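Following: one structure in structure tokens, then a few remarks.
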């Protein structure tokens, strides 16, 4: 296979990771909302943890984006 | 990978170019050109300066501007004091500066001055936080503060941060290495998150913008089929990007105050 074609295919495969991070971020906010509706009084106190969980889930997806960009523009 | 003529080049917006003919300025062999990145950072600082100067009025009944400034300060203040505790008040200026600079630089990058292109060729907003050098310096600033505060308060006892309470003796070497690594990647994860979130959003907007332009120039049918949905999507993504701008600044400030909490209180 041509090296250029392999790079493009690799970048496309790396994009799958971004979609998986979407599942993670959705899970973070979904679970938060689920439990916040059960006990709305405790919800405000957990907002910091909500965003820490969001940041961690998002970062791992952004790493997939970085891999795609490195394949396209650096490698 | 250079774009061929007539193709969408979504990376062009991240080009750092010297402005006002300062491209050749050198000090000690290093180029110190005043770039568009520097210009937008100075503009962000100017906006922050005006915002705070207009807000710090000390009136008993605050006007709108003072109320806005006070609510932002109160927001950062409560975030820092809930994560660090009463000792955290000393770090409010640092976290506030980081938060405000990042959120203003993010939002300034979203200003659509590109529509001025007919009268001002090449006009486009530059997102200073979409470059790893800029976010890296911000992250090093927050990480260096953690190190300085930690070592000056606790001395070498600061290393007990890497051995959580109740760790079995056999596990201590392994836990130490793992915790040390998770501590050392913090500045990278801080910088990388902000830079990639900004870059990805702007690339997405430019790709959609390319769809709109190419659809319109391909004819009425393609315009209705491609350009209109793309344009509607662009408006939605722009709103999402405004949210991301605020969330990323918030996450940066929140993680900085959590890391400072480690340095101040250990575990």
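Glycine too: its Cβ is placed from the backbone N, Cα and C atoms.
The transmembrane segment annotation in TrEMBL covers A:6-29 (among others). Long-range contacts of the transmembrane segment (A:6-29) within the same chain, counting only residues at least 6 positions beyond its ends with a Cβ under 8 Å from a Cβ of the stretch, are 50, 53-54, 57-58, 60-65, 67-69, 71-72, 75.
Feature annotation from TrEMBL assigns domain 'V-ATPase proteolipid subunit C-like' to A:9-71. Mapped onto DSSP classes, the domain 'V-ATPase proteolipid subunit C-like' (A:9-71) shows 62 helix, 0 strand, 1 coil.
Residues annotated as transmembrane segment in TrEMBL: A:50-74 (among others).
If you look up TrEMBL, you'll see A:58 marked as site 'Reversibly protonated during proton transport'. Over all protein chains present, the Cβ of residue A:58 (site 'Reversibly protonated during proton transport') has 23 other Cβ atoms lying within 10 Å.
Model confidence over the domain 'V-ATPase proteolipid subunit C-like' (A:9-71) stands at 87, taken as the mean pLDDT rounded to a whole number.
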